[in-house]
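According to TrEMBL, the protein has these features:
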- 374: active site, nucleophile (ACT_SITE)
- 97, 416, 445, 446, 467: L-glutamate binding site (BINDING)
Ligand code: GLY
(Lines of atoms letter the chains of each structure in order from A; the text may use other names.)
(Lines give C-alpha, C1' and ligand atoms only; values in the text may rest on other atoms or scores of the structure.)
Protein backbone atom coordinates (compact mmCIF):
# COMPACT_ATOMS: atom_id res chain seq x y z
CA UNK A 1 0.00 0.00 0.00
CA UNK A 2 1.39 3.42 -0.83
CA UNK A 3 0.79 6.71 0.94
CA UNK A 4 -2.62 8.31 0.47
CA UNK A 5 -1.43 11.61 1.92
CA UNK A 6 -3.78 14.53 1.64
CA UNK A 7 -2.85 17.43 -0.59
CA UNK A 8 -2.41 19.43 2.62
CA UNK A 9 0.20 17.07 3.89
CA UNK A 10 1.98 16.92 0.54
CA UNK A 11 2.01 20.73 0.49
CA UNK A 12 3.31 20.82 4.02
CA UNK A 13 6.04 18.35 3.22
CA UNK A 14 7.11 20.28 0.13
CA UNK A 15 7.31 23.43 2.20
CA UNK A 16 9.74 21.84 4.63
CA UNK A 17 13.36 21.00 4.38
CA UNK A 18 13.29 17.60 2.81
CA UNK A 19 16.56 17.51 0.99
CA UNK A 20 15.79 14.77 -1.48
CA UNK A 21 14.08 11.44 -1.92
CA UNK A 22 15.03 8.35 -3.90
CA UNK A 23 12.95 5.59 -5.43
CA UNK A 24 12.20 4.10 -1.98
CA UNK A 25 10.75 7.44 -0.76
CA UNK A 26 13.48 7.84 1.80
CA UNK A 27 13.91 11.30 3.27
CA UNK A 28 17.36 12.76 3.81
CA UNK A 29 18.43 15.33 6.39
CA UNK A 30 21.78 16.72 7.44
CA UNK A 31 20.94 18.19 10.82
CA UNK A 32 18.06 16.21 12.22
CA UNK A 33 15.11 13.99 11.43
CA UNK A 34 11.70 13.16 12.87
CA UNK A 35 9.56 10.27 11.57
CA UNK A 36 6.06 9.67 12.89
CA UNK A 37 2.57 8.51 11.96
CA UNK A 38 1.57 12.07 11.14
CA UNK A 39 3.57 14.45 8.95
CA UNK A 40 2.21 17.52 10.75
CA UNK A 41 3.48 16.14 14.06
CA UNK A 42 6.85 15.26 12.48
CA UNK A 43 7.08 18.87 11.30
CA UNK A 44 6.42 20.08 14.87
CA UNK A 45 9.32 17.94 16.10
CA UNK A 46 11.66 19.12 13.34
CA UNK A 47 10.81 22.76 14.13
CA UNK A 48 11.88 22.11 17.73
CA UNK A 49 15.19 20.69 16.45
CA UNK A 50 15.69 23.78 14.31
CA UNK A 51 15.14 25.97 17.38
CA UNK A 52 18.00 24.21 19.12
CA UNK A 53 16.00 21.52 20.88
CA UNK A 54 17.59 18.11 21.29
CA UNK A 55 16.13 14.73 20.33
CA UNK A 56 14.30 14.41 23.66
CA UNK A 57 12.70 17.85 23.21
CA UNK A 58 11.62 17.01 19.68
CA UNK A 59 10.18 13.66 20.71
CA UNK A 60 8.14 15.32 23.49
CA UNK A 61 6.77 17.98 21.12
CA UNK A 62 5.98 15.35 18.48
CA UNK A 63 4.23 13.12 21.02
CA UNK A 64 2.04 16.01 22.21
CA UNK A 65 1.30 16.96 18.60
CA UNK A 66 0.26 13.37 17.80
CA UNK A 67 -2.22 13.61 20.70
CA UNK A 68 -3.95 16.28 18.58
CA UNK A 69 -3.40 15.08 15.01
CA UNK A 70 -3.39 11.27 15.39
CA UNK A 71 -5.98 10.62 18.11
CA UNK A 72 -6.46 6.94 17.27
CA UNK A 73 -3.16 6.29 19.10
CA UNK A 74 -1.37 9.58 19.83
CA UNK A 75 -2.36 10.50 23.33
CA UNK A 76 -2.20 12.08 26.73
CA UNK A 77 -4.63 9.44 28.06
CA UNK A 78 -2.41 6.39 27.58
CA UNK A 79 1.17 5.33 28.18
CA UNK A 80 4.35 4.14 26.58
CA UNK A 81 8.12 3.96 26.51
CA UNK A 82 11.12 6.04 25.47
CA UNK A 83 14.46 4.45 24.56
CA UNK A 84 17.22 7.05 24.42
CA UNK A 85 20.80 6.68 23.23
CA UNK A 86 22.93 9.79 23.17
CA UNK A 87 25.60 10.61 20.64
CA UNK A 88 28.29 9.05 22.85
CA UNK A 89 26.39 5.76 23.06
CA UNK A 90 25.01 6.19 26.61
CA UNK A 91 21.51 4.71 26.84
CA UNK A 92 18.53 4.85 29.14
CA UNK A 93 14.75 4.35 29.02
CA UNK A 94 11.67 6.02 30.43
CA UNK A 95 8.78 3.75 31.43
CA UNK A 96 5.45 5.55 31.39
CA UNK A 97 3.25 2.49 31.01
CA UNK A 98 -0.22 2.82 32.55
CA UNK A 99 -0.90 1.21 35.92
CA UNK A 100 -3.87 -0.72 37.30
CA UNK A 101 -5.91 1.52 39.63
CA UNK A 102 -5.77 0.92 43.39
CA UNK A 103 -9.27 -0.59 43.29
CA UNK A 104 -8.41 -3.10 40.55
CA UNK A 105 -8.52 -6.83 41.35
CA UNK A 106 -7.41 -10.02 39.59
CA UNK A 107 -11.05 -11.07 39.23
CA UNK A 108 -12.51 -7.75 38.07
CA UNK A 109 -13.38 -8.99 34.58
CA UNK A 110 -14.82 -12.40 35.63
CA UNK A 111 -18.42 -13.54 36.07
CA UNK A 112 -19.70 -15.33 39.18
CA UNK A 113 -18.44 -18.67 37.79
CA UNK A 114 -14.94 -17.28 37.43
CA UNK A 115 -15.03 -16.99 33.62
CA UNK A 116 -14.00 -13.93 31.66
CA UNK A 117 -16.95 -11.77 30.67
CA UNK A 118 -16.05 -11.58 26.99
CA UNK A 119 -14.81 -8.15 25.95
CA UNK A 120 -15.19 -6.64 29.42
CA UNK A 121 -11.44 -6.05 29.83
CA UNK A 122 -11.46 -3.77 26.78
CA UNK A 123 -14.77 -2.01 27.30
CA UNK A 124 -16.06 0.71 29.56
CA UNK A 125 -14.26 2.80 32.15
CA UNK A 126 -13.00 -0.22 34.11
CA UNK A 127 -10.75 -0.99 31.14
CA UNK A 128 -8.87 2.28 31.67
CA UNK A 129 -5.38 2.15 33.20
CA UNK A 130 -3.99 5.15 35.09
CA UNK A 131 -2.48 7.21 32.25
CA UNK A 132 1.28 7.66 32.13
CA UNK A 133 2.06 9.74 29.05
CA UNK A 134 2.24 13.22 30.60
CA UNK A 135 4.35 11.96 33.53
CA UNK A 136 6.70 10.14 31.14
CA UNK A 137 7.22 13.07 28.80
CA UNK A 138 7.70 15.36 31.81
CA UNK A 139 10.30 13.07 33.38
CA UNK A 140 12.17 12.79 30.06
CA UNK A 141 12.21 16.57 29.84
CA UNK A 142 13.39 17.06 33.43
CA UNK A 143 16.24 14.63 32.95
CA UNK A 144 17.34 15.21 29.38
CA UNK A 145 15.46 18.15 27.81
CA UNK A 146 17.10 21.41 26.74
CA UNK A 147 14.36 23.83 25.68
CA UNK A 148 11.72 25.10 28.16
CA UNK A 149 8.81 22.66 28.70
CA UNK A 150 6.29 25.30 27.58
CA UNK A 151 7.93 25.54 24.16
CA UNK A 152 7.39 21.82 23.66
CA UNK A 153 3.68 21.80 24.56
CA UNK A 154 2.74 25.10 22.87
CA UNK A 155 2.73 23.72 19.28
CA UNK A 156 0.10 21.14 20.27
CA UNK A 157 -1.98 23.84 21.99
CA UNK A 158 -1.86 25.77 18.72
CA UNK A 159 -2.82 22.73 16.64
CA UNK A 160 -5.80 22.02 18.90
CA UNK A 161 -6.91 25.64 19.28
CA UNK A 162 -6.41 26.90 15.73
CA UNK A 163 -7.28 23.56 14.17
CA UNK A 164 -5.69 21.15 11.74
CA UNK A 165 -6.90 20.31 8.26
CA UNK A 166 -8.65 16.95 8.58
CA UNK A 167 -6.88 14.24 6.59
CA UNK A 168 -8.73 11.79 4.38
CA UNK A 169 -8.00 8.92 6.79
CA UNK A 170 -9.38 10.75 9.84
CA UNK A 171 -12.36 12.05 7.85
CA UNK A 172 -13.23 8.43 7.07
CA UNK A 173 -13.09 7.61 10.80
CA UNK A 174 -15.37 10.58 11.51
CA UNK A 175 -17.85 9.38 8.89
CA UNK A 176 -17.83 5.80 10.19
CA UNK A 177 -18.31 6.85 13.84
CA UNK A 178 -21.44 8.71 12.80
CA UNK A 179 -22.86 6.15 10.36
CA UNK A 180 -26.35 4.98 11.34
CA UNK A 181 -24.98 1.46 11.95
CA UNK A 182 -22.28 2.71 14.34
CA UNK A 183 -22.39 1.53 17.94
CA UNK A 184 -19.49 3.76 19.00
CA UNK A 185 -19.73 5.64 22.31
CA UNK A 186 -21.22 9.13 22.05
CA UNK A 187 -17.85 10.63 22.96
CA UNK A 188 -16.37 9.26 19.73
CA UNK A 189 -19.40 10.25 17.66
CA UNK A 190 -18.87 13.83 18.85
CA UNK A 191 -15.11 13.74 18.54
CA UNK A 192 -14.92 15.08 15.00
CA UNK A 193 -17.88 17.47 15.19
CA UNK A 194 -17.97 21.23 14.76
CA UNK A 195 -19.74 23.40 17.39
CA UNK A 196 -22.81 23.39 15.10
CA UNK A 197 -22.99 19.59 15.36
CA UNK A 198 -21.87 18.82 11.81
CA UNK A 199 -19.20 16.18 11.27
CA UNK A 200 -15.91 17.72 10.04
CA UNK A 201 -15.14 16.64 6.48
CA UNK A 202 -11.91 15.83 4.64
CA UNK A 203 -9.98 19.06 4.02
CA UNK A 204 -11.95 21.12 6.56
CA UNK A 205 -10.42 22.69 9.64
CA UNK A 206 -10.84 20.54 12.77
CA UNK A 207 -10.64 22.49 16.03
CA UNK A 208 -10.38 20.86 19.51
CA UNK A 209 -10.98 23.69 22.01
CA UNK A 210 -11.36 21.54 25.12
CA UNK A 211 -8.25 19.54 24.37
CA UNK A 212 -6.44 22.87 23.89
CA UNK A 213 -7.50 23.95 27.42
CA UNK A 214 -6.24 20.66 28.91
CA UNK A 215 -2.95 21.05 27.05
CA UNK A 216 -2.61 24.63 28.34
CA UNK A 217 -2.77 23.37 31.93
CA UNK A 218 -0.07 20.80 31.12
CA UNK A 219 1.97 23.52 29.39
CA UNK A 220 1.73 25.83 32.42
CA UNK A 221 1.90 23.35 35.30
CA UNK A 222 3.87 20.46 33.85
CA UNK A 223 3.00 17.02 35.22
CA UNK A 224 0.78 18.56 37.93
CA UNK A 225 -1.39 20.10 35.21
CA UNK A 226 -2.63 16.57 34.51
CA UNK A 227 -2.27 14.59 37.75
CA UNK A 228 -3.47 17.32 40.15
CA UNK A 229 -5.88 20.24 39.96
CA UNK A 230 -8.75 20.72 37.51
CA UNK A 231 -7.84 17.94 35.05
CA UNK A 232 -7.37 15.32 37.79
CA UNK A 233 -10.59 16.46 39.51
CA UNK A 234 -12.53 16.07 36.27
CA UNK A 235 -11.02 12.64 35.49
CA UNK A 236 -11.90 11.39 38.99
CA UNK A 237 -15.44 12.77 38.99
CA UNK A 238 -16.10 11.53 35.46
CA UNK A 239 -14.91 8.07 36.53
CA UNK A 240 -17.07 8.09 39.66
CA UNK A 241 -20.16 9.27 37.81
CA UNK A 242 -19.82 6.68 35.04
CA UNK A 243 -18.66 3.47 36.74
CA UNK A 244 -14.90 3.90 36.50
CA UNK A 245 -12.49 3.21 39.37
CA UNK A 246 -9.62 5.67 38.86
CA UNK A 247 -9.45 8.12 41.77
CA UNK A 248 -7.57 11.30 42.64
CA UNK A 249 -5.23 9.13 44.70
CA UNK A 250 -4.38 6.98 41.65
CA UNK A 251 -3.52 10.08 39.67
CA UNK A 252 -1.50 11.73 42.44
CA UNK A 253 0.48 8.51 43.00
CA UNK A 254 1.36 7.89 39.35
CA UNK A 255 5.05 8.20 38.54
CA UNK A 256 7.04 7.44 35.41
CA UNK A 257 10.27 5.51 35.99
CA UNK A 258 13.70 5.71 34.42
CA UNK A 259 14.92 2.15 33.85
CA UNK A 260 18.17 0.73 32.57
CA UNK A 261 17.84 -0.28 28.91
CA UNK A 262 17.95 -3.96 28.02
CA UNK A 263 20.90 -4.56 25.72
CA UNK A 264 22.31 -7.25 23.48
CA UNK A 265 24.36 -7.68 20.34
CA UNK A 266 23.90 -9.00 16.84
CA UNK A 267 27.36 -9.59 15.35
CA UNK A 268 29.07 -6.16 15.46
CA UNK A 269 25.92 -4.25 16.27
CA UNK A 270 24.55 -3.27 19.67
CA UNK A 271 20.84 -3.62 20.48
CA UNK A 272 19.31 -1.13 22.92
CA UNK A 273 15.65 -1.70 23.73
CA UNK A 274 12.88 -1.51 26.30
CA UNK A 275 13.02 -3.87 29.31
CA UNK A 276 9.90 -5.12 31.14
CA UNK A 277 7.13 -4.08 31.54
CA UNK A 278 7.70 -4.29 27.81
CA UNK A 279 8.28 -7.76 26.48
CA UNK A 280 9.67 -6.27 23.26
CA UNK A 281 13.33 -5.78 24.14
CA UNK A 282 13.80 -9.23 25.68
CA UNK A 283 12.07 -10.99 22.78
CA UNK A 284 13.92 -9.03 20.08
CA UNK A 285 17.31 -9.74 21.66
CA UNK A 286 16.41 -13.43 22.09
CA UNK A 287 15.30 -13.67 18.46
CA UNK A 288 18.35 -11.86 17.06
CA UNK A 289 20.55 -14.15 19.16
CA UNK A 290 18.81 -17.21 17.67
CA UNK A 291 19.17 -15.83 14.14
CA UNK A 292 22.86 -15.18 14.77
CA UNK A 293 23.32 -18.94 15.15
CA UNK A 294 22.25 -19.51 11.54
CA UNK A 295 24.34 -18.87 8.43
CA UNK A 296 22.04 -16.35 6.77
CA UNK A 297 24.35 -16.08 3.74
CA UNK A 298 22.88 -19.42 2.65
CA UNK A 299 19.28 -18.52 3.58
CA UNK A 300 17.97 -15.95 1.07
CA UNK A 301 15.46 -13.38 2.30
CA UNK A 302 11.86 -14.51 1.75
CA UNK A 303 12.84 -18.09 0.84
CA UNK A 304 11.00 -21.04 2.42
CA UNK A 305 13.97 -21.66 4.73
CA UNK A 306 13.96 -18.01 5.79
CA UNK A 307 10.26 -17.92 6.66
CA UNK A 308 10.48 -21.25 8.46
CA UNK A 309 13.50 -20.23 10.55
CA UNK A 310 12.04 -16.82 11.41
CA UNK A 311 8.67 -18.36 12.37
CA UNK A 312 10.29 -21.02 14.57
CA UNK A 313 12.40 -18.33 16.23
CA UNK A 314 9.29 -16.26 16.95
CA UNK A 315 7.40 -19.29 18.27
CA UNK A 316 10.11 -19.90 20.88
CA UNK A 317 10.52 -16.26 21.93
CA UNK A 318 6.76 -15.80 22.38
CA UNK A 319 6.52 -18.93 24.54
CA UNK A 320 9.28 -17.54 26.77
CA UNK A 321 7.56 -14.15 26.84
CA UNK A 322 4.30 -15.68 28.03
CA UNK A 323 5.99 -17.76 30.69
CA UNK A 324 8.27 -15.21 32.26
CA UNK A 325 7.47 -11.55 31.60
CA UNK A 326 5.47 -8.94 33.49
CA UNK A 327 5.91 -5.76 35.51
CA UNK A 328 9.43 -5.88 37.04
CA UNK A 329 8.22 -4.11 40.17
CA UNK A 330 5.98 -7.12 40.90
CA UNK A 331 8.05 -9.90 39.29
CA UNK A 332 11.41 -9.70 40.99
CA UNK A 333 12.80 -12.99 39.65
CA UNK A 334 12.41 -12.65 35.86
CA UNK A 335 15.34 -14.49 34.17
CA UNK A 336 16.19 -11.62 31.83
CA UNK A 337 19.90 -12.36 31.66
CA UNK A 338 19.26 -15.96 30.74
CA UNK A 339 16.59 -15.17 28.13
CA UNK A 340 18.90 -12.68 26.40
CA UNK A 341 22.07 -14.79 26.59
CA UNK A 342 23.85 -16.37 23.63
CA UNK A 343 23.86 -19.79 25.39
CA UNK A 344 20.08 -19.76 25.75
CA UNK A 345 19.69 -18.79 22.07
CA UNK A 346 22.00 -21.64 21.05
CA UNK A 347 19.82 -24.10 22.93
CA UNK A 348 16.68 -22.64 21.36
CA UNK A 349 18.26 -22.73 17.87
CA UNK A 350 19.46 -26.30 18.21
CA UNK A 351 15.97 -27.69 18.66
CA UNK A 352 14.67 -26.09 15.45
CA UNK A 353 14.15 -28.75 12.76
CA UNK A 354 14.88 -26.93 9.48
CA UNK A 355 12.60 -29.34 7.58
CA UNK A 356 9.58 -29.50 9.83
CA UNK A 357 7.34 -27.08 11.78
CA UNK A 358 7.38 -27.68 15.52
CA UNK A 359 4.14 -27.68 17.48
CA UNK A 360 3.16 -25.11 20.09
CA UNK A 361 2.33 -26.89 23.33
CA UNK A 362 -1.25 -26.01 24.21
CA UNK A 363 -0.80 -27.15 27.79
CA UNK A 364 1.90 -24.62 28.38
CA UNK A 365 1.64 -21.03 27.38
CA UNK A 366 -0.80 -19.09 25.30
CA UNK A 367 -0.70 -15.60 23.95
CA UNK A 368 -1.15 -12.29 25.57
CA UNK A 369 -3.62 -9.97 24.04
CA UNK A 370 -2.29 -6.62 22.96
CA UNK A 371 -4.27 -4.12 20.93
CA UNK A 372 -3.30 -3.36 17.38
CA UNK A 373 -3.28 0.40 17.67
CA UNK A 374 -0.29 2.18 18.99
CA UNK A 375 2.06 4.67 17.39
CA UNK A 376 5.81 5.08 17.09
CA UNK A 377 8.13 8.02 16.45
CA UNK A 378 11.86 8.13 15.81
CA UNK A 379 14.05 11.23 16.26
CA UNK A 380 17.71 12.07 15.72
CA UNK A 381 19.17 15.52 16.42
CA UNK A 382 22.17 17.37 15.03
CA UNK A 383 24.53 15.99 17.67
CA UNK A 384 23.46 12.41 16.88
CA UNK A 385 21.33 11.80 20.00
CA UNK A 386 18.52 9.37 19.20
CA UNK A 387 15.04 8.76 20.65
CA UNK A 388 12.79 5.81 19.90
CA UNK A 389 9.35 6.42 21.43
CA UNK A 390 6.29 4.16 21.24
CA UNK A 391 3.06 5.00 23.06
CA UNK A 392 -0.50 3.77 22.98
CA UNK A 393 -4.06 3.86 24.19
CA UNK A 394 -4.26 0.11 23.39
CA UNK A 395 -6.98 -0.26 20.72
CA UNK A 396 -7.74 2.29 18.02
CA UNK A 397 -9.24 5.28 19.93
CA UNK A 398 -8.65 3.32 23.16
CA UNK A 399 -11.77 2.88 25.24
CA UNK A 400 -13.57 5.40 23.00
CA UNK A 401 -14.48 7.19 26.21
CA UNK A 402 -13.47 10.45 27.77
CA UNK A 403 -14.79 13.55 29.47
CA UNK A 404 -15.99 16.03 26.83
CA UNK A 405 -14.71 18.78 29.15
CA UNK A 406 -11.14 17.49 28.80
CA UNK A 407 -11.22 16.51 25.12
CA UNK A 408 -8.90 13.50 25.19
CA UNK A 409 -9.53 9.77 24.95
CA UNK A 410 -8.94 7.29 27.77
CA UNK A 411 -6.94 4.14 27.03
CA UNK A 412 -8.33 0.62 27.45
CA UNK A 413 -4.96 -0.78 28.49
CA UNK A 414 -6.34 -2.98 31.32
CA UNK A 415 -7.00 -5.40 28.42
CA UNK A 416 -3.24 -6.06 28.25
CA UNK A 417 -3.33 -7.90 31.59
CA UNK A 418 -4.03 -11.65 31.71
CA UNK A 419 -7.72 -11.41 32.57
CA UNK A 420 -8.50 -14.90 33.91
CA UNK A 421 -5.95 -16.09 36.49
CA UNK A 422 -4.74 -19.64 35.87
CA UNK A 423 -6.67 -20.16 32.63
CA UNK A 424 -4.68 -20.58 29.41
CA UNK A 425 -6.09 -21.96 26.15
CA UNK A 426 -4.92 -22.42 22.56
CA UNK A 427 -6.83 -19.36 21.39
CA UNK A 428 -6.72 -15.95 22.94
CA UNK A 429 -6.42 -16.44 26.66
CA UNK A 430 -3.44 -16.74 28.92
CA UNK A 431 -3.56 -16.97 32.67
CA UNK A 432 0.10 -17.08 33.70
CA UNK A 433 1.10 -15.28 36.87
CA UNK A 434 3.55 -12.55 35.90
CA UNK A 435 0.84 -10.51 34.20
CA UNK A 436 -2.20 -11.01 36.47
CA UNK A 437 -3.96 -7.78 37.54
CA UNK A 438 -2.79 -6.24 40.83
CA UNK A 439 -3.30 -2.68 42.09
CA UNK A 440 -0.59 -0.34 40.80
CA UNK A 441 0.91 -3.01 38.52
CA UNK A 442 1.86 -2.12 34.94
CA UNK A 443 0.37 -4.42 32.30
CA UNK A 444 2.82 -6.28 30.05
CA UNK A 445 3.38 -4.57 26.70
CA UNK A 446 4.71 -5.52 23.29
CA UNK A 447 5.87 -2.03 22.44
CA UNK A 448 9.45 -2.26 21.21
CA UNK A 449 11.10 1.12 20.70
CA UNK A 450 14.64 0.11 19.75
CA UNK A 451 17.96 1.67 18.82
CA UNK A 452 20.66 -0.32 17.04
CA UNK A 453 24.19 0.97 17.57
CA UNK A 454 27.31 0.59 15.45
CA UNK A 455 30.72 1.37 16.92
CA UNK A 456 28.78 2.31 20.05
CA UNK A 457 26.76 5.08 18.40
CA UNK A 458 23.12 5.24 17.24
CA UNK A 459 22.80 3.61 13.80
CA UNK A 460 19.15 2.62 13.39
CA UNK A 461 16.17 4.04 15.31
CA UNK A 462 13.07 1.93 14.83
CA UNK A 463 9.65 1.00 16.20
CA UNK A 464 6.08 0.22 15.19
CA UNK A 465 2.50 -0.12 16.36
CA UNK A 466 0.68 -3.44 15.96
CA UNK A 467 0.09 -5.17 19.32
CA UNK A 468 2.04 -8.40 19.54
CA UNK A 469 3.11 -8.03 15.92
CA UNK A 470 5.25 -5.03 17.00
CA UNK A 471 7.95 -7.28 18.38
CA UNK A 472 8.15 -9.29 15.18
CA UNK A 473 7.97 -6.44 12.68
CA UNK A 474 10.69 -4.51 14.53
CA UNK A 475 12.81 -7.68 14.75
CA UNK A 476 12.48 -8.37 11.00
CA UNK A 477 13.20 -4.75 10.02
CA UNK A 478 16.40 -4.84 12.08
CA UNK A 479 17.35 -8.14 10.45
CA UNK A 480 16.60 -6.71 7.00
CA UNK A 481 18.96 -3.78 7.58
CA UNK A 482 21.83 -5.47 9.34
CA UNK A 483 21.74 -9.05 8.02
CA UNK A 484 20.16 -8.57 4.59
CA UNK A 485 21.72 -5.18 3.83
CA UNK A 486 18.51 -3.45 2.79
CA UNK A 487 18.08 0.33 2.68
CA UNK A 488 15.81 1.51 5.50
CA UNK A 489 12.69 2.07 3.37
CA UNK A 490 13.05 -1.33 1.67
CA UNK A 491 13.58 -2.98 5.06
CA UNK A 492 10.35 -1.39 6.31
CA UNK A 493 8.32 -2.32 3.21
CA UNK A 494 9.71 -5.86 2.74
CA UNK A 495 7.55 -8.95 3.44
CA UNK A 496 6.89 -9.56 7.13
CA UNK A 497 5.51 -12.55 8.98
CA UNK A 498 4.15 -12.98 12.50
CA UNK A 499 4.08 -16.04 14.76
CA UNK A 500 3.26 -15.74 18.43
CA UNK A 501 3.21 -19.30 19.78
CA UNK A 502 -0.58 -19.37 19.97
CA UNK A 503 -2.56 -19.48 17.73
CA UNK A 504 -0.08 -21.84 16.10
CA UNK A 505 0.03 -20.15 12.70
CA UNK A 506 2.17 -17.91 10.51
CA UNK A 507 0.42 -14.68 9.60
CA UNK A 508 2.05 -13.23 6.46
CA UNK A 509 1.70 -10.29 4.10
CA UNK A 510 -0.19 -12.10 1.38
CA UNK A 511 0.89 -10.09 -1.66
CA UNK A 512 4.53 -10.36 -0.74
CA UNK A 513 5.12 -14.12 -0.33
CA UNK A 514 5.19 -16.36 -3.40
CA UNK A 515 2.55 -19.10 -3.72
CA UNK A 516 5.38 -21.65 -4.05
CA UNK A 517 6.81 -20.62 -0.69
CA UNK A 518 3.35 -20.82 0.85
CA UNK A 519 2.90 -24.36 -0.47
CA UNK A 520 6.33 -25.42 0.78
CA UNK A 521 5.57 -24.08 4.25
CA UNK A 522 2.24 -25.90 4.40
CA UNK A 523 4.01 -29.13 3.39
CA UNK A 524 6.44 -28.57 6.27
CA UNK A 525 3.50 -28.53 8.68
CA UNK A 526 2.84 -24.79 9.08
CA UNK A 527 -0.60 -23.23 9.13
CA UNK A 528 -0.70 -19.97 7.15
CA UNK A 529 -2.97 -16.96 7.37
CA UNK A 530 -2.63 -14.13 4.85
CA UNK A 531 -3.12 -10.52 5.84
CA UNK A 532 -2.79 -7.21 3.98
CA UNK A 533 -0.22 -5.55 6.16
CA UNK A 534 1.96 -6.11 9.19
CA UNK A 535 3.49 -3.17 11.06
CA UNK A 536 3.64 0.56 10.48
CA UNK A 537 7.31 1.17 11.02
CA UNK A 538 8.92 4.57 11.50
CA UNK A 539 12.69 4.46 11.12
CA UNK A 540 15.84 6.51 10.83
CA UNK A 541 19.19 5.19 9.62
CA UNK A 542 22.39 7.04 10.48
CA UNK A 543 25.10 5.70 8.18
CA UNK A 544 28.52 5.79 9.80
CA UNK A 545 30.30 7.17 6.77
CA UNK A 546 28.49 10.45 6.23
CA UNK A 547 26.68 13.39 7.78
CA UNK A 548 23.26 12.30 6.68
CA UNK A 549 20.14 10.95 8.37
CA UNK A 550 17.84 8.77 6.29
CA UNK A 551 14.22 8.63 7.43
CA UNK A 552 11.38 6.42 6.25
CA UNK A 553 7.72 6.19 7.24
CA UNK A 554 5.90 2.96 6.40
CA UNK A 555 3.64 3.38 3.37
CA UNK A 556 0.84 1.74 5.35
CA UNK A 557 0.59 4.92 7.45
CA UNK A 558 -1.85 7.15 5.55
CA UNK A 559 -0.78 10.40 7.21
CA UNK A 560 2.75 9.44 8.23
CA UNK A 561 5.86 11.32 7.25
CA UNK A 562 9.58 11.77 7.74
CA UNK A 563 10.69 15.38 8.03
CA UNK A 564 14.40 16.20 8.02
CA UNK A 565 16.42 19.36 7.64
N1 GLY B 1 -1.23 -1.96 23.93
C2 GLY B 1 -0.23 -2.47 23.10
C3 GLY B 1 1.02 -2.83 23.81
O4 GLY B 1 1.31 -2.27 24.85
O5 GLY B 1 1.72 -3.68 23.34
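Yeah, the Cβs are placed from backbone N, Cα and C, and that goes for glycine too.
Under the DSSP three-state reduction, residue 416 (L-glutamate binding site) is assigned to helix. Cβ neighbour count for residue 446 (L-glutamate binding site): 30 (other Cβ atoms within 10 Å of its Cβ, all protein chains included). A separation of roughly 11 Å, to the nearest angstrom, links the Cα atoms of residue 374 (active site, nucleophile) and residue 445 (L-glutamate binding site). For the recorded positions 374, 445, the largest tally of other C-beta atoms within 10 A is found at 445. Residue 446 (L-glutamate binding site) carries neither a helix nor a strand DSSP state and counts as coil. Residue 97 (L-glutamate binding site) falls outside any helix or strand according to DSSP and counts as coil. Close contacts with ligand 1, defined as a Cβ under 6 Å from any of its atoms, occur at 416, 445 among the binding-site residues 97, 416, 445. DSSP gives residue 374 (active site, nucleophile) a strand state.
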